[in-house]
């Protein structure tokens, strides 16, 4: 599992490399022109709009340049948005098992979901047992969206640890 320190070191290194690649005047910051040129080089659709949007959101001190910290913030925000979108999709897919729509998955609902998804009865029981063993953190015989979300964060190592 990646630690926060390792994650931030990797983020800083990646940010420095990205800035270095686009920084034409060597000031360790990105101007609107440098960002716009980078988008054009990558054949990004509507580079001017993308550049203006990026600066509007992340040029925090409004000096017309993106610093290392501002770029790190942009990358981190993009990462969090993507991670949260993936988490929501994952939870929504699994919660198709919630047949009575009470925002809880029971063992029987999980078993039935696995059968509907192509497992035979024996496989479905094993999968439901495994799911409850891994995800039902409070042992109340139901899986909530929050339990599933927390499980996914840990299992898929979505966010760095301490």
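Every residue number used here counts from 1 along the chain in the order it is shown.
Every residue, even glycine, has its Cβ placed from backbone N, Cα and C.
These figures come from a predicted structure and were not determined experimentally.
Taken from Swiss-Prot, the feature domain 'EF-hand 1' applies to 10-45, supported by sequence analysis. On the 0 to 100 pLDDT scale, the domain 'EF-hand 1' (10-45) averages 89 in this prediction.
Here Swiss-Prot flags 23, 25, 27, 29, 34 as Ca(2+) 1 binding site. Cβ neighbours within 10 Å of residue 34 (Ca(2+) 1 binding site), excluding its own Cβ and spanning all shown chains: 20.
What Swiss-Prot lists as domain 'EF-hand 2' is 46-81.
For 59, 61, 63, 65, 70, the entry in Swiss-Prot reads Ca(2+) 2 binding site, with the evidence type sequence analysis. Under the DSSP three-state reduction, residue 65 (Ca(2+) 2 binding site) is assigned to strand.
Across the domain 'EF-hand 3' (85-120), the DSSP tally of helix, strand and coil residues reads 23 helix, 3 strand, 10 coil. Residues or ranges marked as domain 'EF-hand 3' by Swiss-Prot on the basis of sequence analysis: 85-120.
Sequence annotations record features per position, and here Swiss-Prot assigns domain 'EF-hand 4' to 123-158 based on sequence analysis. Taking DSSP states H, G and I as helix and E and B as strand, the domain 'EF-hand 4' (123-158) has 24 helix, 3 strand, 9 coil.
The Cβ of residue 147 (Ca(2+) 3 binding site) has 19 neighbouring Cβ atoms from other residues within 10 Å, across all protein chains displayed. Positions annotated as Ca(2+) 3 binding site by Swiss-Prot: 136, 138, 140, 142, 147.
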(request) May I ask which of the binding-site residues 23, 27, 29 is closest to residue 59 (Ca(2+) 2 binding site) if we compare their C-alpha atoms? (result) 29
(request) Report, as numbers and ranges, every residue of the chain located at least six residues beyond the domain 'EF-hand 1' (10-45) whose Cβ falls under 8 Å of a Cβ in that stretch; write 'none' if there are none. (result) 2, 51-52, 54-55, 64-68, 71-72, 75-76
(request) Just give me the nearest neighbour of residue 70 (Ca(2+) 2 binding site) among the binding-site residues 27, 136, 138, 140, Cα to Cα. (result) 27
